[in-house]
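Record features, source Swiss-Prot:
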- 40-60: transmembrane segment (TRANSMEM)
- 85-105: transmembrane segment (TRANSMEM)
- 113-133: transmembrane segment (TRANSMEM)
- 153-173: transmembrane segment (TRANSMEM)
- 193-213: transmembrane segment (TRANSMEM)
- 227-247: transmembrane segment (TRANSMEM)
- 259-279: transmembrane segment (TRANSMEM)
Amino acid sequence: MNLFEAVILGIVQGLTEFLPISSTAHLRIIPALAGWKDPGAAFTAIVQIGTLAAVLIYFFRDITAIVREVVAGILKGRPLGTTEAKMGWMIAAGTIPIVIFGLLFKNEIETSLRSLYWISGALIGLALLLTIAEKRMKNQLRQGVTMKSMENIGWKDALLIGLIQSIALIPGSSRSGVTITGGLFLNLSRETAARFSFLLSLPSVLAAGVFQLYKSWDLIISSPDNLIAIIVATIVSGIVGYASIAFLLNYLKSHTTSVFIIYRLLLGSGILLMLATGMLPAT
């Protein structure tokens, strides 16, 4: 991978990691269209550390408050004594399903599930689910139901969204896409669903990134070009990712996810068309 490819893929990762359109799908599709090699699941996981840094910086106050209250709660013998401590434990519990499924289906995630047929199917499938979630939310609001804020998220919400997050292991589904969809079904406001989605992503993205970095370390340092490319892509993804978080949270305050639904349907259909005409290889 040369420096130009690294910058482009870093921008793509940063733009698409937090928008509900799947970063993994775009990191798979764009190299295929450009005639580049598939960067692979390991590259995707490592570069996500850049977008992880974006979440840490953007939500610095929230995260420090959560960590501080979790530690204080343990020391005082009241682990669930505050809202922030409770949120920390809910995030931890919500991370368990994706860790289990990620380990169980590790080989499939890194190989067969990266087929463009799977990716296009996931893009279209989640778009349809998100459409249903939006329509349900519209009906709920019409009936006078108040959408939940961060303070109203309970254990049931956290565990169900955590379980739903496991679907994001399928390339093309989108981690933020599936968790936001799950949040809407559970009567979270769009902004709250996105905010909780980003916080919930921290443990699993960190674990996946560190694991792949450890696993691929010898290969990375064997070539200075590979090392520089990954560093550049990670830094770029972090900078662009920060802007993406700010944009999405502000956008969802007054807009639905319709634009992302339409984009997913068009992209998924376009990939299927290119596969059918031989313009793209499936693997």
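Any Cβ shown, glycine's included, is placed from N, Cα and C.
Across 40-60, 153-173, 193-213, 227-247, 259-279, stretch 153-173 shows the highest tally of CB pairs under 8 A with the transmembrane segment (85-105). At the 8 Å Cβ cutoff, the transmembrane segment (193-213) and the transmembrane segment (259-279) share fewer than 3 close pairs (sequence separation 6 or more) and do not count as touching. Only pairs six or more apart in sequence are counted, and the transmembrane segment (259-279) with the transmembrane segment (113-133) gives three or more Cβ pairs under 8 Å, enough to call it a contact.
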